[in-house]
Structures are given as C-alpha cells and as structure tokens.
Amino acid sequence: MSLNADWMQRDLAVLWHPCTQMKDHERLPLIPIRRGEGVWLEDFDGKRYLDAVGSWWVNVFGHANPRINARIREQLESLEHVMLAGFSHQPAIELSERLVAITPAGLSRVFYADNGSSGIEVALKMSFHYWRNCGRTGKKRFVTLTNSYHGETVAAMSVGDVALFTDTYKALLLDTIKVPSPDCYLRPEGMSWEAHSRAMFAHMERTLAEHRDEIAAVIVEPLIQGAGGMRMYHPVYLELLREACDRYEVHLIHDEIAVGFGRTGTLFACEQAGIVPDFLVLSKALTGGYLPMAAVLTTDTVYRAFYDDYASLRAFLHSHTYTGNPLACAAALATLDIFEQDNVIERNKALAARMARATEHLKDHPHVAEVRQTGMALAIEMVAEKAGKVAYPWQERRGLKVYEHALSRGALLRPLGSVVYFLPPYVITPEQIDFLAEVASEGIDLATRDAVGVALPTGGPQTFHDPG
Ligand SMILES: Cc1ncc(COP(=O)(O)O)c(C=O)c1O
C-alpha cells in the first residue's frame with residue numbers, strides 16, 4: 001500500500017472533514033499532505049500540488065515561510081499563551097498598534113477573536129450592543145446582500161445567503177433583511193460595472209429608508225462575494241453605502257476576512273471606495289495563513305459607548321479563550337513586516353496582469369460566460385450555454401471535474417460550483433501562473449465536453465458552493 005493510501009485509510013477511520021460529503025471519499029482520493037514549501041504542497045508519495053487557492057484563501061507568503069517560521073519560533077521561547085482579560089503581552093499590543101496604523105484613519109480599537117466567523121459574531125454583537133447602550137433598543141436587525149457568505153456560526157449564517165449552507169438551518173437563524181446584491185455578473189448586457197453597481201444601490205436605499213429605526217448594521221463582503229462564487233462589484237456601491245449608513249444612522253460592517261491584505265489590489269478593499277467602515281473584520285491572511293485569528297477594528301465612538309462604571313452593565317462581556325494568542329500575533333507581525341519590506345501591493349500588480357493575460361483566451365471558450373478579476377482574485381464562470389448565461393445544474397458538479405483534473409496535473413484548484421478561480425499566494429511566479437492557466441483550461445475543456453449522465457433530483461439549492 002502506498003503511504004498516501006495508508007494515511008487515507010487511517011484518516012477515514014476517525015476524521016470527519018469540513019464542508020465534505022464524506023461518502024465522496026469512497027471514490028475521490030483524500031490527499032494527505034506531508035509538507036509545504038512556498039506555493040507547493042507535497043503528499044506522502046512525493047507528488048506536489050501548486051496551491052492556487054491559498055489553502056482556503058489564507059496563505060499569502062507561501063507555506064513554511066522562513067520569516068514567519070522564525071518569528072513564531074522566537075515567540076514560542078518566551079510565551080505561548082496567556083489569557084487576555086486582566087493580562088496583556090507585547091505581541092498583542094504591537095499588533096494592535098500596527099493594525100490601527102495601517103487601516104483607514106478612525107479605526108482606533110482592536111478586539112480579537114479566534115476565527116473569521118467568531119469575528120463576525122463580535123461585530124454583530126457590538127453593533128447591536130452599541131445601539132442598546134445609546135438607548136436605541138429597537139435597532140436589532142441586520143441587512144445583508146443576497147449571495148453573501150460570512151461564516152458558519154449561527155449569527156454569521158443568518159447574515160449569509162448561500163442556500164447550500166443556510167437552508168437546512170433556517171429555523172435557527174436570526175431575522176435579517178436581504179437586499180439584492182450589486183453582483184456585476186448579473187448586469188444587463190453592455191452595462192458597465194459602475195453603472196450596474198450604482199443602479200443596484202436603489203434597493204439598499206429603499207430598505208434603509210423603510211427600516212432605519214430597526215436596523216443596527218449593514219454587513220457586506222466588499223468588492224468580492226467569495227463563497228458565493230467570486231462574484232464582484234464596483235467600489236462605487238461602497239461609497240454610496242457609507243453615505244447612506246451615515247444618513248440613516250446605521251453601522252457599516254466590512255467583512256474583509258477574505259479580501260483584506262491585498263487580495264483586491266489595495267491593502268484593504270475599503271481603500272478603493274475611500275471610506276471608513278464602523279467595523280472592519282479581518283482574519284485569514286492576517287496571520288499569513290499560519291494560525292487562526294480574527295481582529296475586529298472599530299471607532300472611538302463605538303468604544304466610548306461601552307466605557308462606564310461596571311455596575312452600569314454596559315461592558316462588552318464577550319470572550320474567546322484564545323483571544324489574542326501570542327503565537328498568532330507573532331505570525332501576524334511577521335506577515336505585516338513582509339507586506340512592508342517587500343513592497344507587496346505594488347509587485348502584485350504585475351502578477352495580477354499576468355493572471356489576466358494567461359486566462360484571456362478563456363473568454364472565447366464556448367462554455368465560459370465570464371472571466372472576471374479584482375486584483376489578485378480571478379474567476380472563470382463555466383456555463384451550459386453562453387448565450388443567456390445558462391448555468392449548469394449544480395448536481396452535475398462540473399467544478400469537481402476541474403478539481404480532479406488539476407490534482408492529476410499537480411495543482412490544487414477547488415472550484416466553487418461551476419466557478420474556477422485563482423486566489424494564489426503572492427509568492428507565485430509568472431511561470432506558475434501560466435501553468436495554472438493551462439491546467440484550468442484543460443480542466444474546463446474536460447468538464448464542459450459532454451453531457452453528464454446524472455439523474456437530477458428536484459428541489460434543493462440552486463448552486464453548489466463551498467466556503468472558500
Ligand atoms: C467573507 C468571509 N467571511 C467569513 C468567513 C468565515 O471565516 P472562518 O472560516 O475563519 O470562520 C469566511 C470564510 O471563508 C469568508 O470568506
């Protein structure tokens with residue numbers, strides 16, 4: 001038995017994997033990874049895979065990055081963890097100072113959580129609690145865009161709208177208000193991204209006008225709706241949203257968990273709209289993809305509304321055991337050093353242009369409706385019929401065919417339904433981008449070649465997606 005097969009057998013005897021129908025592994029091989037280096041992951045039989053999706057969008061400077069490794073090792077020698085209530089430590093203080101310095105002016109307080117979904121819970125609870133502390137107890141609903149994804153905990157699911165993940169749990173979810181997304185894939189033919197995003201804002205304006213007294217916050221994934229299929233929109237929407245949130249006295253929460261740290265072409269997506277959200281939620285690439293951590297940044301106005309004598313019961317009594325873990329902070333500090341020292345955002349421009357060039361030909365593919373890109377995120381939408389953008393039935397799992405082909409060629413591409421995408425680490429080379437584009441083209445050819453002989457059950461979600 002190969003080493004891979006041996007590890008797979010042991011795994012399948014005891015593990016339950018995330019976002020997986022475990023029965024798939026009766027047919028699909030599970031890939032046990034022995035080591036990682038740069039953009040490469042290597043399995044136990046020595047086969048290598050180019051990590052085109054940054055291991056669920058977290059890895060920006062490569063696996064086993066020597067600079068991040070060294071910083072974590074150094075931290076390990078002095079302090080692995082201490083609770084952050086009543087105690088503090090150098091890495092948390094330094095990281096908070098640096099996050100305040102690099103995010104838009106006005107975000108002056110940092111609260112930590114230990115994964116993206118928990119960071120979303122913090123922002124939602126803080127917003128609701130702020131209004132309560134201000135005597136506005138009616139403001140307790142959240143507005144979200146259709147096709148959003150904000151995580152898997154119950155409140156985070158409530159502000160999400162990817163049916164595959166949320167429909168089953170509907171009975172458990174908060175009563176949120178859903179507004180049609182400015183998703184530019186859905187724009188009328190010939191309309192620009194800007195004009196479409198601007199036009200779609202009318203729905204948001206109406207909702208805010210009608211429900212202002214009951215809305216605590218609007219939450220958005222700025223510029224890219226990731227798990228919803230890497231759907232993209234124009235920054236003008238965020239500009240309009242900021243202005244309207246101010247006008248209607250509603251908080252704006254930016255979930256930059258997936259898009260923060262350079263993915264959209266600027267360090268943070270909100271910079272492209274020139275706005276400051278009331279809450280900025282960061283995670284994933286925050287630690288370079290090493291350790292789970294989230295940071296929620298907010299304003300002095302929000303912070304002050306909680307600051308009072310204990311007996312007033314205005315404090316934010318929310319905690320996660322590993323809040324501000326020193327090893328995660330050390331990984332984040334090393335990650336910020338690399339951003340600063342290596343001029344990453346500027347260098348990424350050439351890589352983004354290379355991704356565009358390498359996939360340009362796919363625009364003419366008979367089963368590709370769109371090749372879209374925002375900075376270092378590029379997505380290719382496969383369709384049954386190009387005219388009218390007719391989607392493949394989700395049950396056909398066309399993306400899975402691309403995934404399997406890519407594995408055979410030594411690349412990790414994990415499509416979202418019929419959307420093949422690249423979210424590579426920023427240490428990828430131009431030649432490696434060309435290789436990915438070649439593998440994706442072959443995979444798309446194979447996946448779209450024939451009719452797929454599956455019996456289509458009726459009902460169920462309209463899309464097959466995967467949370468990154
Ligand atoms: C935009 C967005 N928000 C929240 C989350 C949830 O983060 P986590 O998986 O760390 O809970 C994700 C994860 O993919 C995400 O893409």
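Cβ from N, Cα, C; glycine included.
Taken residue by residue with DSSP, Y149 (substrate binding site) is part of neither helix nor strand, so it is coil. Here TrEMBL flags W56, Y149, K284, S319, R414 as substrate binding site.
Neighbour density for S117 (pyridoxal 5'-phosphate binding site): within 10 A of its CB lie 23 other CB atoms from the protein chains shown. The annotation pyridoxal 5'-phosphate binding site is assigned in TrEMBL to G116, S117, D255, H320, T321.
Counting every protein chain shown, the Cβ of K284 (substrate binding site) has 28 other Cβ atoms within 10 Å. Mapped onto three states, the DSSP output places K284 (substrate binding site) in helix. Positions annotated as N6-(pyridoxal phosphate)lysine by TrEMBL: K284.
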Write down the Cα-Cα distance for S117 (pyridoxal 5'-phosphate binding site) and W56 (substrate binding site), rounded and given in Å. 14
Around S319 (substrate binding site), how many other C-beta atoms are within 10 angstroms of its C-beta? 14
Using C-alpha atoms only, work out the spacing between G116 (pyridoxal 5'-phosphate binding site) and K284 (substrate binding site) and round it to an integer in Å. 7
Do you know which of the binding-site residues W56, Y149 has the most other C-beta atoms within 10 angstroms of its C-beta? Y149
Suppose we draw a 10 Å sphere around the Cβ of T321 (pyridoxal 5'-phosphate binding site). How many other Cβ atoms does it contain, all chains included? 9
Kindly point out which of the binding-site residues S319, H320, T321, R414 have a C-beta less than 6 Å from some atom of ligand 1. none
Same chain only, sequence gap of 6 or more: which residues have a CB within under 8 Å of the CB of D255 (pyridoxal 5'-phosphate binding site)? I120, A123, H150, I219, V220, E221, P222, V281
